[in-house]
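Below is one structure; the comments refer to it alone.
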């Protein structure tokens, strides 16, 4: 702690959260925002089940069936930008309401679509909402103490996997009896439950401090202190980051601890929106931003490429078609939990960069043998191990990406990285299916391995390790 110009003791939000610890408030917040992550995962995963039924009911072509998924991803590209900019300008709560309303309401209306064109338009709007969902882990991160921030965000990522499992179970129960319209309607209900209770979740104190709303930030911190039954440090919270290291080296630490003063030098102070957009292009952040984009693209490309590879290798199984799709989604989703557990264990021990790079390169290693013809059982084991590693990499990305940026442009930076990742989700099925249709599995594996290897190298080039550091 330190004093300001008037002699009043001050402390940062990180110091306050470290004193308050991870308690009842954060546990309830984890449950609430985690439910939001489940809701978003369900909206994304239902695409795997709805397409074939829509094709059969309306007699559309295979390309038109695939377009139902493509328009969602197209909407997510735009939604990631809008949601990120909106969250940094109007607050994390505003970003949350955007993603919950814009994905929940049109998602429910989709169930009443009279024709294919209406369904397509509504799914595009749902994609806009889903694109802004990155505000959920970022909002949670801003309430977690620095000491175990990485482990808890990795735990938060488990809610996505839980959502995919719940959607597969729901589809398995609903689709054969009630059809795809009921699945669409029921999958949107978690968003409405979240909206009912959204007023009880406070704005991020980091965001309030970055906007100079110190008194409001104090009220939030006092609420956390009451719920956790822990005292705040003496004094008042401040928006000014403090450096306690006398040997501070700007070349090493400015990427994470960029102050508002530095932001003012790099961008115009006349417009908050201009500040937000330009901050992550500043001299301090441009290298991290570009590297982050490469890692996001590779991770999304590999994840969805693996999904298609697993589907291809599982298609020869003798189970009935009606149940095999649900079983495949369930089994492959459970394969993600070991990666999330491994990320949670390592991220606060060996650091973000090493864990992220290690997971990506391990995924690369598990994929490499698939360039040759292997027994089906061994191929599935290698694919599941690769899926485990790529999901662990995603867990680290959810921690490291927002930690790189200051509060004033955090969601914008993460949003634009998400946009690049979504391009990977579009490229992956186009590349993978085109090559697999021509029996070119070797080329699929080589393309994925090359992309992952470049991302692994990029992890070594990030200029800062954020483990245990304050974020501002």
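Using the three backbone atoms N, Cα and C, a Cβ is placed for every residue, glycine included.
What TrEMBL says about a protein is an automatic prediction, not a curated fact.
Sequence annotations record features per position, and here TrEMBL assigns transmembrane segment to 27-47 (among others). Residues 68-69, 72, 96, 99-100, 103-104, 107, 126, 130, 133, 136-137, 139-140, 143, 152, 155-164, 166-168, 170-171, 183-184, 187-188, 190-191, 193-194, 197, 200-201, 227, 329 of the same chain lie 6 or more positions beyond the ends of the transmembrane segment (27-47) yet place their CB under 8 Å from a CB of it.
The annotation domain 'Major facilitator superfamily (MFS) profile' is assigned in TrEMBL to 29-467.
Using a Cβ-Cβ cut-off under 8 Å and counting only residues 6 or more beyond its ends in the same chain, the transmembrane segment (67-87) has close neighbours at 44, 47, 50-51, 54, 94-95, 98-99, 102, 119-120, 123-135, 138, 273, 276-277, 411-416, 418-419, 422-423, 425-426, 429. Per TrEMBL, transmembrane segment is recorded for 67-87 (among others).
Within the same chain, residues 33, 36, 39-40, 43, 79, 82-84, 86-87, 122-123, 125-126, 128-133, 135-136, 139, 181-182, 184-185, 187-192, 194-195, 198, 201, 411 sit at least 6 positions outside the transmembrane segment (94-114) and bring their C-beta atoms closer than 8 Å to a C-beta of that stretch. The transmembrane segment feature in TrEMBL is assigned to 94-114 (among others).
Annotation source TrEMBL lists transmembrane segment at 120-141 (among others).
Taken from TrEMBL, the feature transmembrane segment applies to 153-174 (among others).
What TrEMBL lists as transmembrane segment is 180-201 (among others).
Positions annotated as transmembrane segment by TrEMBL: 290-310 (among others). Tertiary neighbourhood of the transmembrane segment (290-310): same-chain residues 328, 332, 356, 360, 363, 367, 370, 380, 383-384, 386-387, 390-391, 393-394, 397, 401, 404, 413, 416-418, 420-425, 427-429, 431-433, 436, 441, 444, 448, 451-452, 454-455, 458-459, 461-462, selected by CB-CB distance under 8 Å and a gap of 6+ residues from either end.
Annotation comment: TrEMBL describes 325-347 (among others) as transmembrane segment.
The transmembrane segment annotation in TrEMBL covers 354-372 (among others).
Taking Cβ pairs closer than 8 Å, the transmembrane segment (378-400) reaches residues 137, 141, 149-150, 153-154, 156-157, 161, 295-296, 299, 302-303, 306, 309-310, 313-314, 332, 335-336, 338-340, 342-344, 347, 352-353, 355-356, 359-360, 362-363, 366-367, 369-370, 466 in its own chain, all 6 or more past its ends. What TrEMBL lists as transmembrane segment is 378-400 (among others).
Residues 66, 69-70, 73-74, 76-77, 80-81, 83-85, 87-88, 131-132, 134, 138, 276-277, 279-280, 285, 289, 292-293, 296-305, 308-309, 401-402, 404-405, 444, 447 of the same chain lie 6+ residues outside the transmembrane segment (412-432) yet bring a C-beta within less than 8 angstroms of a C-beta in it. The feature transmembrane segment is assigned by TrEMBL to 412-432 (among others).
Among the features that TrEMBL reports, transmembrane segment is placed at 444-464 (among others).
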Average model confidence [pLDDT] within the domain 'Major facilitator superfamily (MFS) profile' (29-467): 78
